[in-house]
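Structure first, commentary second.
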């Protein structure tokens, strides 16, 4: 009985000590500030990359950033130059109005949707066509 209590207590101590070290992220994922990240060196379009991320883990999406420290953390993991971010600018979803204040009901845009990549070498964000292919970083909140 005493041995069982000792083993149970030991396992509890190990579990509690691992709870802040990324043990809550799936295997192959990195942890930072309550989020899990995984770098995939696979070139995909933005739409395919976002779909791919949602298939990797139920709450996962393309990476988004909340701070420069978060970007620095990810760049330290990378062996890729350009990767998709979870932000895109779709012309047809903009809330536009005419100079007289009326709503824009008619749209005849020639521009294609623009998506955002991050260049890891200098942390700059670049607007590019969503049909280009780039590497993928998925992220979800723990």
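Glycine residues also receive a Cβ, built from the backbone N, Cα and C atoms like all the rest.
The disulfide bond feature in Swiss-Prot is assigned to 25-36 (among others); the stated evidence is sequence analysis. Note: residue 25 (disulfide bond) has non-local neighbours 31, 36, 142, i.e. same-chain residues 6+ apart with C-beta under 8 A of its own C-beta.
Taken from Swiss-Prot, the feature disulfide bond applies to 53-138 (among others), supported by sequence analysis. In this structure, residue 138 (disulfide bond) is part of a beta strand by DSSP.
According to DSSP, residue 130 (disulfide bond) is assigned to coil rather than to any helix or strand. The Cβ of residue 130 (disulfide bond) has 19 neighbouring Cβ atoms from other residues within 10 Å, across all protein chains displayed. Summarising the annotation, Swiss-Prot assigns disulfide bond to 115-130 (among others) and lists sequence analysis as the type of evidence.
Per Swiss-Prot, domain 'C-type lectin' is recorded for 32-139.
Of all Cβ atoms in the protein chains displayed, 16 besides its own lie within 10 Å of the Cβ of residue 43 (N-linked glycosylation site). The feature N-linked glycosylation site is assigned by Swiss-Prot to 43, with sequence analysis given as support.
Feature annotation from Swiss-Prot assigns signal peptide to 1-23; the stated evidence is sequence analysis.
Using a 10 Å radius centred on the Cβ of residue 36 (disulfide bond) and all shown protein chains, the other Cβ atoms total 22. There are 24 other Cβ atoms within 10 Å of the Cβ belonging to residue 53 (disulfide bond). Among the recorded positions 43, 115, 130, the residue whose Cα lies closest in space to that of residue 138 (disulfide bond) is 43.
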